[in-house]
Each structure stands twice: as C-alpha cells, then as structure tokens.
Amino acid sequence: MWTVLIVVVCCVTTVLPARHLPKWKKQTLRVRQACELPAVQSEHSHYICDDKGEPKCLPGWQGDLCDVPICKKGCDPLQGYCKRPGECRCKLGFYGERCNKCIPLPGCQHGYCNESFECICRDGWDGLFCSEPICRSDCHATRGFCEQPGECRCKLGWSGATCRACQPLPGCQHGYCDKPLECKCLPGYTGLLCQTPICASGCHTERGYCRRPGECRCKVGWTGATCGECHRYPGCVHGSCNKPWECICEPGWGGMLCDEELNYCDKNLDTCKNGGKCVSLESSEGFFKCYCPSGVSGKHCEIVPEVSTPANVTEGTSSESITSTELGTSSEEGSTTEPNNGDNETE
C-alpha cells in the first residue's frame, strides 16, 4: 500500500520597508508606486500612467522614473550634459554645440589641444604658450632672433644671413669692423666715418683738396703739384702774382697784362736836356717823364734860369745824384703831357 503524502507549501509574501529592499527592488517598487500613489505624481512629473497603471515617460525624458533628460543629438556623452531635454551643456574645459572641442590652456597662441587645458605647439613654435617662434636652424643663438618661424633677424651691431658678421658704425663709408659698431678706415681714408680721402703728400691744406686718396686738386686761383702757386691774371705776359688773378709786371714792362715794354728812354737818349733823367712810362702815362736838376724846368728840362753867368749844371752833378726831393719838383707838365711828334720819336 502506498501512502501518499501531500505536502502543501504555502508561500507568504512578506513586505519589508523600502529602505531594506535591494536597489533593483526599490526601483520596481517606486515605479509601481508612481502610478498607485496619486501623491507621487504631480504637475512637475515627466511621465503619465497608461491603462495598465504603468508610468510612461514624456517626450525628452528617460529613465525608470523619467527623471533623466534626453540631451541634444550628438552631445558628447563624456564632456557634455543637460538639465533639460534637447540642450547640451559642456563640462569645464570643453565647448562647442556638442561639447566635442577642448579649450586650450589660457594664453595659448600658436597651439591646439587634444584634452582640455593643453597647449600643443604647431610647427615652428615653442614655449609654454607656443608663443616663441623657432628661428632658422643656423641662426646665431645670442646675436640673432626671429618674429616668425624660420627667420633670422640680427640684433644691433650684427649682420649676415646667420648674424655672425659684425656691422660697422652706421654711415661708415670706406671702413670695416672687427667688432660691432666699429669703423676702421681702409688705407687712404680718414675721419670718424672714414669719409675723408688722404691727399697727396705736401698738398696745401687750404688751397688744395682731393676726392680720391693720393690726389691733389687745386682750388680756383691756385695751381702747381701741391697747389702752392697762384694763377696769374689771364693773359699776363711778363708778370707774376702773390695771390690769385694778379699781374705784377717785371722790371721794364708795363700795362695791365705786362705786355708793354718800357724802353722809350733807351730808344730816345736825348729826350731829357740839361742833365735831366728820363724814366720810361706806359703809353697811357705819356711814354716818359723827365726829372730835371734844380732850377731847370720844362717837359724835356729845356728851360734854364736866366742868369749873368752861364747856367750850367754844377760839375760832378749827375742824374744819379739828384735827390728824390729834386725829382719831385719837376714840371707837372712834363709828367702828364705826351711828347710832341716833332720833338720825340715814337715806335
């Protein structure tokens, strides 16, 4: 005989307080309560209860309790967030409509970022803020600089493609430098800027000058190898000068150009009578002048005083012994009047 033992197991569901339920059970309970308890649902809720008494999220909301807004499409899930449906707010360090662009380090000039507050320099730039251009590779480290990548600009006093050559003093004309802003003169030049050529040795410092080293050019009115001789008046024949444009006649010559020979008395020996001395003059002055002995007068010293005794000139008295005072008292007429054609010969 078989004995059938029927065991009836009764399952009694025990409801515990919500705070003691596992998390997933809490959510299930809260979802069920969202529609079972009218006090839970309000005008600020983001769901409605369907015919089955289950909550249904309003458009733009999601989650078990419909309290998670749906962000703008494409909003970066890591760097963006939203508090209302359709928006996309960026976390610190990111920007853009979808918060997919990082913000570089503040002050970054020629760089970019892959993460927020980075400053990765573009080609040709260096430094914390990518603000320092990288100069030409062979540009001198201390004498050169650059404002754009690949440049090589020289500091004051230096020159050349790589700033390794010194720069002469500005304005230096015929010189060179061994150090910056120097002006050492090349042979044949002098002066602060090596602008003055050194003239030929002996060239007069006031009357001569030069445009090239070793020259000696004369100023107007002077001549000669060293410009020590004056220029005579143009056309001067038998004359000299002490200063430019003079014509000082040699003895026996007269006229403005010293081209008139003073030889009237030599050719006319008997011009002056009674011991008078004949002096040849220029044609403009009457050709000659007679200097008469004391008491004798006339253009040719032909007038002698009337005395009882012969009016002869004292023996031993010659024209050479006549004093300047006696010569000065000669007839004024004889010093200014040209000789008569009948009495004097002319050339």
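Each residue, glycine too, has its Cβ placed from N, Cα and C.
Straight from TrEMBL, the features:
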COMPBIAS  314-338  compositional bias 'Low complexity'
DISULFID  CYS90-CYS99  disulfide bond
DISULFID  CYS292-CYS301  disulfide bond
DOMAIN    67-100  domain 'EGF-like'
DOMAIN    261-302  domain 'EGF-like'
REGION    311-347  region 'Disordered'
SIGNAL    1-17  signal peptide
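Feature map: TrEMBL annotations on the structure.
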residue : record         : Cβ neighbours (10 Å)
CYS90   : disulfide bond : 21
CYS99   : disulfide bond : 24
CYS292  : disulfide bond : 29
CYS301  : disulfide bond : 25
Three-state secondary structure of CYS90 (disulfide bond) from DSSP? strand
Is it possible to list how many residues within the domain 'EGF-like' (67-100) are helical, extended or coil according to DSSP? 0 helix, 8 strand, 26 coil
Helix, strand, coil residue numbers for the domain 'EGF-like' (261-302) per DSSP? 7 helix, 10 strand, 25 coil
In Å, rounded, how far does the Cα of CYS292 (disulfide bond) sit from the Cα of CYS99 (disulfide bond)? 135
